[in-house]
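Notes for the one structure printed next.
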Amino acid sequence: MSESNAASVRTVACLLGPTASGKTAAALALAARRPIEIVSVDSALVYRGMDIGTAKPTREERAAVPHHLIDIVDPADAYSAAGFRADALRVVAEIAARGRTPLLAGGTMLYYKALTQGLNDLPAADPDVRATLDAEAARDGWPALHARLASVDPATAARLAPNDAQRIQRALEVYLLTGRPMSALLAAPPRNDDAAAGLRFVPVALEPSDRAVLHARIAARFDAMLEAGFIDEVERLRRRDDLHLGLPSMRCVGYRQAWEYLEGVTDYRMMRDKGIFATRQLCKRQLTWLRAMPARIVVDCCAQDATARAVDALERVLDGRTPA
């Protein structure tokens with residue numbers, strides 16, 4: 001990179017990590033030292049009214065440090081990686097224009113990938129097509145639509161379970177709107193624009209040296225959520241007539257398990273066990289994404305001084321003391 005190009009590129013520090021790795025503590029510790037504003041990279045925190053089960057920053061924390069892309073979507077509505085990318089780029093520019101420092105923080109790696117690498121040229125959702133597919137699924141069942149998908153896009157069908165309604169619907173929708181298999185569109189180079197050309201994203205990753213430590217934290221945090229009234233939170237959502245388990249919001253970790261408990265499908269102990277297991281599986285997927293990211297700066301989230309180490313790494317990024 002030439003000196004002139006380097007001067008025109010703004011470095012954006014990114015604090016990434018799996019569930020319960022200490023991202024919030026590190027971000028708030030950095031905020032005590034620098035004029036930062038936190039931009040959430042979390043697909044669950046976007047939903048209003050879903051506070052306990054998403055471990056949303058408290059009102060006090062959000063009052064102390066500006067947070068963005070939290071509580072921006074109703075649980076009945078959809079929010080996409082494309083929407084996140086547009087919102088995040090806009091917010092980062094607005095923060096910089098105020099003379100403050102944006103810090104991206106979260107664990108939704110698909111959002112981070114969309115932001116930093118661009119998007120594939122997939123069509124937007126079409127309500128009419130979705131309504132047609134929903135009607136067909138109600139009549140024939142999702143396994144029948146999965147078989148239909150296999151006939152037009154075998155690669156996508158092979159990686160989806162026959163009852164994965166959301167993804168089967170999306171893959172068929174893409175095919176019906178474009179005439180091309182979604183697998184072919186995803187294999188094409190991502191479409192990038194100039195919106196992120198002036199930004200250099202540098203990830204600092206909180207990762208465990210001992211997964212057992214992280215698993216213990218996950219269990220303790222889930223129990224704390226239950227003590228804080230998580231079941232009551234889900235019951236309030238369940239009483240709404242526009243929410244159901246097929247929505248992306250209700251598939252957030254913990255919410256499906258609590259909903260099924262309230263429906264009488266499971267007992268309390270099974271709900272707790274399944275909620276913790278689902279969170280551990282999410283953690284595993286997050287770590288898989290992170291470890292495929294070669295340029296990241298790794299901080300052991302199990303270390304006693306993990307917060308201080310993360311803050312030091314982020315400050316080195318912000319001060320330009322990392323390789324370009």
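Just so you know, the numbers here start at 1 and follow the chain as drawn.
Cβ coordinates come from backbone N, Cα and C, glycine included.
Now, the feature entries from Swiss-Prot:
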| type | residues | note |
| --- | --- | --- |
| BINDING | G17, P18, T19, A20, S21, G22, K23, T24 | ATP binding site |
| BINDING | T19, A20, S21, G22, K23, T24 | substrate binding site |
| REGION | 42-45 | region 'Interaction with substrate tRNA' |
| SITE | T108 | site 'Interaction with substrate tRNA' |
| SITE | R130 | site 'Interaction with substrate tRNA' |
| REGION | 166-170 | region 'Interaction with substrate tRNA' |
| REGION | 251-256 | region 'Interaction with substrate tRNA' |
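Annotated features taken from Swiss-Prot, shown on the structure.
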| residue | record | DSSP class |
| --- | --- | --- |
| G17 | ATP binding site | coil |
| G22 | ATP binding site | coil |
| T108 | site 'Interaction with substrate tRNA' | coil |
| R130 | site 'Interaction with substrate tRNA' | helix |
Can you tell me how far the Cα of T24 (ATP binding site) sits from the Cα of T108 (site 'Interaction with substrate tRNA'), in Å?
14
For the region 'Interaction with substrate tRNA' (42-45), what are the same-chain contacts with Cβ under 8 Å, counting residues 6+ beyond its ends?
53-54, 56, 69-71, 79, 84, 106-108, 110-111, 248-249, 252-253
Inter-residue Cα distance where the pair is R130 (site 'Interaction with substrate tRNA') and S21 (ATP binding site), in Å:
37
Neighbouring C-beta atoms (10 Å sphere around the C-beta of G22 (ATP binding site)):
20
Cα-Cα separation of T19 (ATP binding site) and R130 (site 'Interaction with substrate tRNA'), in Å?
32
Residue with minimal Cβ packing [other Cβ atoms within 10 Å] among the recorded positions S21, T108:
T108
Pop the Cα-Cα gap between R130 (site 'Interaction with substrate tRNA') and A20 (ATP binding site) into the table, whole Å please.
36
